Structures are given as structure tokens and as C-alpha cells.
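Here is the structure we will look at.
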């Protein structure tokens, strides 16, 4: 029961549709975004400051930058749809904002998959104290 409560807390107040993003990460990278990336490095999870610690953390940095470039969209509330065609994720639907958010999430999931060999457990639950200083620009 306690584990369900923790998951419920994680699902509240996180940028984007965490359920959709988690599903994309599972489909593309084959691993749980919540388990591996909800608190990793300087950029995976809430906020972000300093420099990305490795390629996996850079995926989260790029994801934050992708969201920052969206105009007139709110990744915290807008939802999206996608489909699979020949094993590929295709973002779509009638909502242009949803499609853009989906593309950001898809790019991050692909990045996680492609940088899996650089994942380093020393950055899991990385202290924000190690992420001080000026942030890298997008």
C-alpha cells in the first residue's frame, strides 16, 4: 500500500502527462522512467540547474529545453495521443500543442534508449548541492 501511495504522489504535480511520458519511455527505452529518471543527475526530475552530469542527464536537459521552446502550450496540463506504426511512435491528433509535447517526450525516450550504456547509478538521487552554479543555456 505504501508503494502505491508513493507512486500516486509522484504522479501529482510533475511536468507533462507523466503517465503518457512513462508509457513512451517503457515502449521506446524498455525501462521505467519513474524508477530510472525521476531523480537522476541535475536535470531528471523537478527543476534543473548546473550542467548535465552524463548523457542520460543530458536527455533530461534537452527535454526541459524542448518544453521551454513550446509557445502557447502547457506541458503540465495538455495531453497528447500517439500511435505505433511498424514499431515506430507517431505523434498525432488534432491538438498541435499535444503533438509538440509528444515530440518532446518521444525525443527524450529515444535519447534514454540511446544513452542507456552511460547510465550511472551514482547519479540516481543525486544531491542538488552538486548542481550549483550557472546553468547551461538551451
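Backbone N, Cα and C atoms are what each Cβ position is placed from, and that goes for glycine too.
Going by Swiss-Prot, these are the annotated features:
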- 1-40: signal peptide (SIGNAL)
- 42-131: disulfide bond (DISULFID)
- 44-60: disulfide bond (DISULFID)
- 59-111: disulfide bond (DISULFID)
- 65-138: disulfide bond (DISULFID)
- 66-104: disulfide bond (DISULFID)
- 73-97: disulfide bond (DISULFID)
- 84: pyrrolidone carboxylic acid (MOD_RES)
- 91-102: disulfide bond (DISULFID)
Out of 42, 44, 73, 84, 97, 131, give those recorded positions positioned within 10 angstroms of residue 104 (disulfide bond), comparing C-alpha atoms, in sequence order.
none
Three-class DSSP secondary structure - residue 111 (disulfide bond)
helix
Cα within 10 Å of residue 42 (disulfide bond) is the criterion; apply it to the disulfide-bonded residues 60, 91, 97 and give the hits in sequence order.
60
Rounded distance in angstrom between the Cα atoms of residue 97 (disulfide bond) and residue 91 (disulfide bond):
11
Nearest by CA distance to residue 111 (disulfide bond): which of the recorded positions is it, out of 60, 66, 84, 138?
60
